[in-house]
Amino acid sequence: MGCTVSAEDKAAAERSKMIDKNLREDGEKAAREVKLLLLGAGESGKSTIVKQMKIIHEDGYSEEECRQYRAVVYSNTIQSIMAIVKAMGNLQIDFDDPSRADDARQLFALSCTAEEQGVLPEDLSCVIRRLWADNGVQACFGRSREYQLNDSAAYYLNDLERIAQSDYIPTQQDVLRTRVKTTGIVETHFTFKDLHFKMFDVGGQRSERKKWIHCFEGVTAIIFCVALSAYDLVLAEDEEMNRMHESMKLFDSICNNKWFTDTSIILFLNKKDLFEEKITHSPLTICFPEYTGANKYEEAASYIQSKFEDLNKRKDTKEIYTHFTCATDTKNVQFVFDAVTDVIIKNNLKDCGLF
């Protein structure tokens, strides 16, 4: 009888050991699966971060993939110069050379067909080049905070000669700079440091936000993107609303949401390069009238960081991991994402009882 009990006990012990082993393996597998949600207001750089993940973790864009972005580069370039020329009328800025008015008419006559066909014909590129060289156009570009303009406008317009070549193939940097409004949800998968990442990029404009909700379940971490350089801009969809204020409002609702009590929140204060250039001539008081510090990068950026971090109502239990980023700079994003991954690994192991 004793032998039978002993055999049963042994079998039960083996089963228990196997269950423990399976639970541990499941725990380790769960710890290796990372679901990242990219959130933030429109034009904060979320899609650029996704493109960087492809460049850093998936061997980048092939020549054929780059070629497919050519029409987007052309469209962004045409849309940018058109936005500047249209704004000249509203801001009552004249062309320095009166003959540029003919070029402006040509621009509007040729642009529609060019965009539809995804091309940049030589006559149109010459028109754009002459317009961009005009002092009146440059004066209007200098006042771009007063109207809606792509961040990549100067990048493409300054490089028009290269872009207009008949054999032009966009570079990785050209692809990073392209702007296409994200509608719906874009999912990206990659592996890094033995972790399997699923990254979800969702549209930031107000009309897109209702599509976020079903992505929330089982999220490991949220990367919330803020355009630092948007402190003196208004929304494309609501010209009464300051973009930074909108971003803060959105961050408040995400950071303090009951869904995300146990979710790591990583704050990317993005477009630091544009902010550093802009802060010298556009004061932070435009956005924060109470600000009394210097209009210098370090002090102003630190102030914005504290404004966002102060929105966290659970400081005793919830930490915000803040990074200053330039989403178009691959080395910077690589460095920051490395640090972010270490935080995720540590928190994941803790949650699975393995740390």
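The backbone N, Cα and C atoms fix where each Cβ goes, and this holds for glycine too.
Checked against Swiss-Prot, the range among 93-101, 174-182, 210-218 recorded as region 'G2 motif' is 174-182.
Among the residue ranges 21-34, 35-48, the one that Swiss-Prot annotates as region 'G1 motif' is 35-48. Between the stretches 121-126, 241-246, 253-258, 325-330, Swiss-Prot puts its region 'G5 motif' entry on 325-330. Of all the binding-site residues given, namely SER47, THR182, the one with the smallest number of surrounding CB atoms inside 10 A is THR182. Note on the region 'G2 motif' (174-182): residues 42-43, 46-48, 51-52, 55, 61, 65-66, 69, 72-73, 76, 150-152, 155-156, 163, 201-205, 208, 327-328, 330 of its chain, located 6 or more positions outside it, place their CB under 8 angstroms from a CB of the stretch.
Mapped onto three states, the DSSP output places THR182 (Mg(2+) binding site) in coil.
The average pLDDT computed over the region 'G3 motif' (197-206) stands at 77.
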